[in-house]
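I have placed the structure first, in the form of structure tokens, so that the comments after it can refer back to it.
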Amino acid sequence: MLDVRGSLPGQVNTGTISPYRRIDRSNDTIGTSDLAADEQVLLGPFNHLDARPGKEIRSQLIDAFDSWLQVPTASLAVIKNVVRMLHNASLLIDDIQDNSELRRGAPAAHHAFGTAQTINSANYVYFRALRELSTLHNPVMVQIYTAELLNLHHGQGMDLFWRETGTCPTESRYLEMVGNKTGGLFRLAIRCMCVEGSPKQSSADYIRLATMIGILFQILDDFRNLTDGSYTSSKGFCEDLTEGKFSFPIVHAIRSNPGDSFLHDILRQHTDDPAVKKEAVSYLERCGSLIYTQGVIHQLAGDVLTLADEVDAGQGRAQALKDIVQRLMVKL
């Protein structure tokens, strides 16, 4: 084995290095004879999810923003790949924290590979994504990556805290959480694109637009989780109720009826019973929370389209983004 006795910091005494594992100083990696096999193990849970693509909304949004930002092709490919890796890795952790059964119509990765291996795979991909981003050779990228991963975990941490303690947030606190959690990866992509591209407007305008889109996307997801039958096959029927999640419609209903513990009681059960879930949805309808949520979604979508025109400033390049927003609003 490697003998480090008597060495100073930064120095290693010469000694015997195991023939089974050699340190490659050229790229700070540890090479093994079966590295490819190791990678299959390490990436197994990630690949399980990555092989089942989602809606690819983030990739489409990156392309839409690129109409304005004109990022070099090679840099754009790196940013897209980093966002894809981070998104799927974060879903691996989300599914564990939410005890989800399904993801994209298949068993969640931790049910196939185990919780410990899935956590390790997600963390491994976080650092692979950082390594990928560093190939752009711009230290600002690492600062952006760090800031937005902190924001993502801040938002996720508050979401989990409210769920685990049965604390219903205010609407404003919920929107702040979503801006951190869901807006984080949208912002990471757009901030990196602003650095690599040629923005015609202030970077802050593009970033604000990205945050608004993230909030719109999450509230749409909250609404459809409770109302859209297509979610049943991919994620399960009204899964947010089983998770005990304070989603946007539920926050509105509880805050509108502070003396009624009905929804609190259902969330605490983490029920899988379809009949109980249907009764909860009926309660949301009676409270007007689903209609209220629809109204907020339409208002947000309008705000996004208005800001997109302001950012575009007459360039005629906003249509791709508008098309995405309009597709998101279908069947609402």
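All residue numbers here begin at 1 and follow the chain in the order shown.
Glycine too: its Cβ is placed from the backbone N, Cα and C atoms.
Per Swiss-Prot, the features are as follows:
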- Lys55, Arg58, His87, Arg104: isopentenyl diphosphate binding site (BINDING)
- Asp94, Asp98: Mg(2+) 2 binding site (BINDING)
- Asp94, Asp98: Mg(2+) 1 binding site (BINDING)
- Arg103, Lys181, Thr182, Gln218, Asn225, Lys235, Lys245: dimethylallyl diphosphate binding site (BINDING)
- Tyr126: site 'Important for determining product chain length' (SITE)
- Asp221: Mg(2+) 3 binding site (BINDING)
(message) Under DSSP, is Arg104 (isopentenyl diphosphate binding site) part of a helix or a strand, or is it coil?
(response) coil
(message) Let's check the environment of Asp94 (Mg(2+) 2 binding site): how many other CB atoms sit within 10 Å of its CB?
(response) 18
(request) For Asp98 (Mg(2+) 2 binding site), write down the residues of its own chain that are at least 6 apart in sequence and whose Cβ falls under 8 Å from its Cβ; none is a fine answer. (result) Glu239, Glu243, Lys245
(request) Find the shortest Cα-Cα separation between Lys235 (dimethylallyl diphosphate binding site) and the binding-site residues Arg58, His87, Arg104, Asp221, and name the residue that gives it. (result) Arg104
(message) Between Lys55 (isopentenyl diphosphate binding site) and Thr182 (dimethylallyl diphosphate binding site), how many Å separate their Cα atoms?
(response) 15
(message) If I take the Cα of Asn225 (dimethylallyl diphosphate binding site) as reference, which of the recorded positions Arg58, Asp94, Tyr126 has the closest Cα?
(response) Asp94
(message) Quick check for the class: what is the C-alpha distance, in angstrom and rounded, between Arg104 (isopentenyl diphosphate binding site) and Lys181 (dimethylallyl diphosphate binding site)?
(response) 20
